[in-house]
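Below: one structure, written as structure tokens.
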Amino acid sequence: MNISLKGAIFSTVGRFNLPKVQGFIRWNSTMKSQQPTLFSEVASLSSTFKNSLSRAGFEKMTPVQQRVLNEVFPNEENAVVQAKTGTGKTLAFLLVAFKDVLKGKPRLNSSKIHSVILSPTRELALQIFEEARKLTYGTGIRVSYAIGGNSKMREENAIRRGNANLLIATPGRLEDHLQNPRILESLSTDSFILDEADRLMDMGFAESILNIHEAVTTTKTRKLCFSATMPPKVSNVFRGILGTDFKLINCLDPNEPPTHERVPQFVIETKLDKVFSSSLSLLQQLTSSNPSSRIIVFLPTISMVDFVGGVLENHLKIPCFILHSGLTTAQRRSITESFRKCQSGILFATDVVARGMDFPNITQVVQITGPSNTDDYIHRIGRTGRAGKTGEAYLILLEQEKPFLNSIKHLPLKRATIEPLSDQALSTLRSDIEKSSKFSRTNALKTLYGSKPHVFSGSSQRRATGKNIHESAIALFSLHDVPGLMEELIYKSRGRGSPKGFRGSQLKYPSSSSSSFQRRPRSLPSRGRYQQSRR
């Protein structure tokens, strides 16, 4: 593989420390040696689920499963569990949910929902749903989901007809459903579980979660919160949900460095008009050196994922997949499952897979252009080097994005160079770009501008070279023949929208794509208020 390293430009400094959480009970990460380590040894786990776990190939518990099943599962305690993704926490909280659903066998014949699990993204919710469906086969438990991008009416009908004892949902969609009093009446929640709580907070769902909690839980509801990190904004929500009476279980190994400190990381600097050729050269070299490569490629926008993935897959010899929030739920499920099962492949994606999604054996993560912030960078590279496996991370960085390196100078990052494409390969790539529709190229370019105002802004330092930046961007997408595009990009970069009366290529372009949006939380009726209104 012809990727040369020019020596470490950054080195690890110190250790990432979680902020202390005021008012929380002392961390306790000590494993009790007398705790069972096999599912078959857990006395409080029913034979039904022991058989289901055995059929699914689960025998030995991971540390987080061991802690939850021995310390939380037998009791009715509320708990906060700090654990990284990829440690088996999904199975741990599903078994708790199953137990709460099965408190009384006759309840399976009722039309009530007895357990609610909230997930930050559709992809993660579907992943939890698939795992739950496999484990509940033959148990009588009915599992359903409520997520955006799906038919709301179909979900409502499934809930009202009693097709769910366990509901897995995203906050926005569940808020929509809870505006319907009949849906609220279907809830008799014995357990309320938050997965990836820190990401739920990052996505602006704090108030929504508190509203949902007030609407669907009672004082008898068991509450579990799972989170990889514990920043103050997360602990504040936990207090609102759990109060002060809960168990805190820390499953982080204090001796294990975080993924972003131990995974080898490389930065490849490139000119704007050479981003695609540099990306293709890197991917070709990675896959040729390891035919079993499983790579996730992150891009900043939906349109960029569609365009870059669509062009580059013609030049790569292993299966390629595209995943983002613009696809239907059925498409996303199919793509996720296909990539998870393939022996080798490349997944082009937005940040919908940066956290929570568990794809096994990812050999490399590649970021094409810099992320929005340090947290995004860290979460992206966290997709590789999981479960004791090795991995690598590559960052293809624009010259104008060099200041970003200052924010990750504490990480083990090295500078690398790659062999340029041959003249013939470069000509073929350029031809494929030109064969793409002007609409897809122009829309990808515009969303790239929207995602990187710091690169394309018309600040005083850049005005002298600003035109060169826009020319490079147009050259990248082979769009020199779009009338007025240069003028529009210059106006956009200065925060002025489009020139008055400008019609450009006279194509109608959709507004800038975004992989997620934040909804304004709505006030939901609490269970008590709803019951009073019914009277």
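The backbone N, Cα and C atoms fix where each Cβ goes, glycine too.
Feature annotation from Swiss-Prot assigns ATP binding site to A83, K84, T85, G86, T87, G88, K89, T90. Packing around T85 (ATP binding site) is summarised by its Cβ count: 22 other Cβ atoms lie within 10 angstroms of its Cβ, all protein chains included.
The compositional bias 'Low complexity' annotation in Swiss-Prot covers 510-527.
What Swiss-Prot records for 70-248 is domain 'Helicase ATP-binding'.
Summarising the annotation, Swiss-Prot assigns domain 'Helicase C-terminal' to 262-429 and lists sequence analysis as the type of evidence.
Summarising the annotation, Swiss-Prot assigns region 'Disordered' to 495-535.
The motif 'Q motif' annotation in Swiss-Prot covers 38-66. Sorting the motif 'Q motif' (38-66) by DSSP state (H, G, I as helix; E, B as strand; all else coil) yields 16 helix, 2 strand, 11 coil.
According to Swiss-Prot, the feature motif 'DEAD box' maps to 195-198. Away from its own ends, the motif 'DEAD box' (195-198) comes close to residues 85, 89-90, 93, 117-120, 124, 128, 225-231, 234, 237-238, 355-356 of its chain (Cβ-Cβ under 8 Å, at least six residues beyond either end).
Taken from Swiss-Prot, the feature transit peptide applies to 1-27, supported by sequence analysis.
In the motif 'DEAD box' (195-198), helix, strand and coil residues by DSSP number 2 helix, 0 strand, 2 coil. DSSP gives A83 (ATP binding site) a coil state; it is part of no helix or strand. In this model, the motif 'DEAD box' (195-198) carries an average pLDDT of 90. Under the DSSP three-state reduction, G88 (ATP binding site) is assigned to coil, being neither helix nor strand.
Same-chain neighbours of the ATP site beyond A83, K84, T85, G86, T87, G88, K89, T90, judged by a C-beta within 8 angstroms of the site's C-beta center, are, in sequence order, T62, V64, D358.
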